[in-house]
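J.: Feature annotation from TrEMBL assigns Zn(2+) binding site to 91, 93, 144, 147.
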């Protein structure tokens with residue numbers, strides 16, 4: 001009988017703890033500052049950005065992603081096609097999973113992954129399709145803390161093959177950061193942001209994307225994901 005009482009007490013305390021965590025998380029999310037509308041961008045772009053950042057706030061406090069992946073949703077996406085609200089260009093790093101970071105389910109994000117979130121023709125082709133055909137109003141280039149591809153730019157002469165070609169795209173950002181001085185960590189982390197900005201600027205110069213920027217139908221923005229805290233920081237704000 002005493003064991004049953006102890007068990008009941010443990011269950012009760014566990015439930016109360018979970019409810020307390022949920023209450024704190026909900027309070028934080030509800031009180032979070034809404035991302036203001038960027039100048040020269042559509043309301044749809046800003047709404048997509050708000051949706052992403054609120055999802056990230058949920059992720060920070062979550063222990064799992066409860067977004068829908070059920071069979072009825074899969075059937076609907078199959079029959080009706082995809083209508084993602086944002087493009088996420090990010091690194092191939094296994095610790096960086098956009099669908100979880102932004103607390104999304106199937107069909108919500110159009111994700112492009114490549115080491116160092118660098119730009120090449122295949123990436124631009126995917127972006128053109130996303131913006132022109134899928135009419136996605138938001139493109140986020142998301143780098144991340146401790147990016148191995150960016151840090152590898154320090155030793156570019158030791159690399160070869162396709163890897164060297166990929167990392168070579170990051171070298172200008174690394175050299176720019178190195179010129180400003182600081183520790184290896186400071187140089188590397190600063191280079192990550194420079195590399196994100198470089199990719200953003202390259203995307204903005206694409207002919208197809210530029211057309212949609214000019215008519216305010218798409219927003220291109222950079223972001224940096226913190227591996228430890230789970231928080232996504234927007235750049236250029």
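The backbone N, Cα and C atoms fix where each Cβ goes, and this holds for glycine too.
Curation plays no part in TrEMBL annotations; they are all automatic predictions.
Please situate the listed features within the shown structure.
T.: Counted within 10 Å of its Cβ, the other Cβ atoms near residue 91 (Zn(2+) binding site) come to 23, all protein chains included.
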J.: State which of the following binding-site residues has the fewest other Cβ atoms within 10 Å around its Cβ: 93, 144, 147.
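T.: Looking at the binding-site residues 93, 144, 147, the Cβ with the fewest others within 10 Å is that of 93.
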J.: Tell me whether residue 147 (Zn(2+) binding site) sits in a helix, a strand or coil according to DSSP.
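T.: Looking at the DSSP assignment, residue 147 (Zn(2+) binding site) belongs to neither helix nor strand, so coil.
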